[in-house]
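S.K.: Features from TrEMBL:
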- 28-49: transmembrane segment (TRANSMEM)
- 42-297: domain 'G-protein coupled receptors family 1 profile' (DOMAIN)
- 61-83: transmembrane segment (TRANSMEM)
- 95-121: transmembrane segment (TRANSMEM)
- 141-159: transmembrane segment (TRANSMEM)
- 205-227: transmembrane segment (TRANSMEM)
- 239-260: transmembrane segment (TRANSMEM)
- 280-299: transmembrane segment (TRANSMEM)
């Protein structure tokens, strides 16, 4: 470990994780491992049914398949590292491996922000302009929209990671986190990080602020359109087509706002407890949200439930 009074460059980082709470490590290892397996199973099944079931060959389910694949990639970029940190006394990682992990987690998070706004636009067109839906959301439109989400997320992650990795790290190499989050890395730099802070602010506006506005406006118009439907059955059917999307977006953005918007404790005892709480909230954002997505879509979507039942029936009783 590099001491704070040395000037030699940092070649590796050390994760603290739950080192200060060893009794919690085994408990959380089993809990997170179970959640990770549920994520792989749930999202894997959703990907399979959206590919294999012809009834789900629509823009909405194409985006849902992308979201499921994204959740698998996002958790796989961080959860195995977190699980390993619970079992390994020496929680170190090389500088280059840290950069890769930071790029992947940032790219997946940014891509999901854009993809959720694209999914909200899809529901807006389906409910507010149903007669033009097939024209507006043609395959020539929705495939590039999904691809652009991945490209945009990867590009901004490449920029942020390269800016962070160009900084000199010559002091403390201990990261008080579960994963190699870019904000935790920037705190260890022994140089001016104003450029990084500005670029992060711009990225947050583009990849958090703009999607939230687009999603908000989309659902305002969606709800207004649903309320104008004369029959109760029509309103119920229209709302059921977008309620799962709305629930997923509230969970995703609500966790982010709670994680970064809550006030900080000033006393040392409270700060220590808050530090543990911050780590657990971050864990919720990184693991629980991807686990809930397939559950929400399965429970609130008749087409998905029917496709899953058909897939299970075919596996049990092959023709």
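Cβ coordinates come from backbone N, Cα and C, glycine included.
TrEMBL: automatically predicted annotations, no manual curation.
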S.K.: Between the transmembrane segment (61-83) and the transmembrane segment (205-227), are there three or more C-beta pairs closer than 8 Å, counting only pairs 6 or more apart along the chain?
M.R.: no
S.K.: In the same chain, who gets a Cβ under 8 Å from the transmembrane segment (205-227) while lying at least 6 residues past its ends?
M.R.: 110, 113-114, 116-117, 120-121, 123-124, 127-128, 152-153, 156, 235, 238-239, 242, 246, 249, 253, 256
